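**Student:** Before anything else, here's the structure in question.
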Amino acid sequence: MKNIVVIGAGTMGNGIAHTFAQNGFKVELVDVSEEALQKGLKTIAANLDRIVAKGNLTEDQKAETLGNISSFTSLENCSKNTDLIVEAATENLDLKLKIFKQMDDFAPENCILATNTSSISITKIAAATSRPEKVIGMHFMNPVPVMKLVEIIKGYSTSKETFDQTFAMSKTLGKVPVEVNDYPGFVANRILMPMINEAIETLYNGVAGVEEIDTVMKLGMAHPMGPLQLADFIGLDVCLAIMNVMYDGFKNPKYAPNPLLVNMVMAGKKGVKSGEGFYDYSESRKAEKVAKMFAK
Ligand code: CAA
């Protein structure tokens, strides 16, 4: 595999494009608007700068990585010699089914169609195509250039050949692939999301405050981020969508999203991306923090 298409230039999509490009793949990045593409490319350049600043990449390698990425506002305009398409669009079933139909119409016969979905059934997505044996889950973790894990999820009809190729290729990205079967939440989110939901329940019950809960998990369990900060980082709407997929899929009340999570999403408090979640990420808050630093 050498030629990759990545659909979606958002947080996960630009991280996936970055990772492939830095490992020598030719990447065609697709999003609906030029603005979204430019924002994604800017993020990739900024993240490459951090790696250069740490001395882990040269300026030449950075230029080569950026040179490996071209961008398009329509899949139809991409080259027809793609080996793999990775879909990283918004976590919405209808949207994903629509995109997979387009991918199936566009892609050459041998092309593998992968989804970065964090919880939607691979089997259901595959059923929207004429090649379910070539459909697979490649679940990267955020931030993609840093996190080593990729869950490789086999749908009901995914062939052994598709699985083996995807698994082997993930290793060439410097990632550690893990084989997983197609059940709601897969492995990562089946374990992570109930922990986040329980942290929200703990807050909702008034057991402790936001910072206290996060501090317990950071200092007590050596987690790099507390669960509430991590929820903000992932997006509270994404956390809610994943809990709902597991709640619907298993029909088990233990996966019911906490009412505080539901309320926050309804109020538009989605975490880092909306400027507020369990913490405040607004510009005025940043300015306030800087002012405090200078006051000391
Ligand atoms: N691109 C490239 N490099 C990046 C980066 C990015 N976007 N973000 C951070 N880095 C690098 C930094 O340059 C730094 O590199 P060195 O180790 O070489 O110094 C390293 O990552 C650590 O970064 P920082 O020092 O800035 O910050 P940190 O130590 O707090 O680490 C973090 C940041 C890696 C994000 C860490 O906080 C962490 O591991 N958080 C938890 C992440 C996590 O749980 N992700 C999974 C989310 S769930 C998911 O994605 C799936 C889903 O379906 C919901």
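Heads up, the Cβ atoms here are built off N, Cα and C, so glycines get one too.
Keep in mind it's a predicted model, so treat the numbers as computed, not measured.
From TrEMBL, for reference:
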type    : residues                                                                            : note
DOMAIN  : 4-182                                                                               : domain '3-hydroxyacyl-CoA dehydrogenase NAD binding'
BINDING : Gly8, Ala9, Gly10, Thr11, Met12, Gly13, Asp31, Glu91, Lys96, Ser118, Asn142, Lys273 : NAD(+) binding site
SITE    : His139                                                                              : site 'Important for catalytic activity'
DOMAIN  : 185-281                                                                             : domain '3-hydroxyacyl-CoA dehydrogenase C-terminal'
**Student:** Fewest neighbouring Cβ atoms within 10 Å: which of the recorded positions Lys96, His139?
**Tutor:** Lys96
**Student:** Gly8, Met12, Asp31, Asn142: which of these binding-site residues put a Cβ within less than 6 Å of any ligand 1 atom?
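**Tutor:** Those binding-site residues that pass the cut-off, since their Cβ is under 6 Å from ligand 1, are Asn142.
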**Student:** Quick one: DSSP breakdown of the domain '3-hydroxyacyl-CoA dehydrogenase C-terminal' (185-281) into helix, strand and coil?
**Tutor:** 66 helix, 3 strand, 28 coil
**Student:** According to DSSP, does His139 (site 'Important for catalytic activity') fall in a helix, a strand, or coil?
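**Tutor:** DSSP call for His139 (site 'Important for catalytic activity'): strand.
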**Student:** Need the DSSP three-state call for Met12 (NAD(+) binding site) to compare against my parser.
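**Tutor:** Where Met12 (NAD(+) binding site) sits, the three-state DSSP reduction gives helix.
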**Student:** At a 10 A cut-off on CB-CB distances, which of the binding-site residues Gly8, Gly10 has the highest count?
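**Tutor:** Counting every other Cβ within 10 Å of each candidate, the maximum falls on Gly8.
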**Student:** Among all protein chains shown, how many Cβ atoms are found within 10 Å of the Cβ of Asn142 (NAD(+) binding site), not counting that one?
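**Tutor:** Its Cβ has 16 other Cβ atoms within 10 Å.
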**Student:** Looking at NAD(+) and its recorded binding residues Gly8, Ala9, Gly10, Thr11, Met12, Gly13, Asp31, Glu91, Lys96, Ser118, Asn142, Lys273, figure out the farthest C-alpha pair and report it in angstrom, whole number.
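**Tutor:** Largest Cα to Cα distance for the NAD(+)-binding set is 21 Å.
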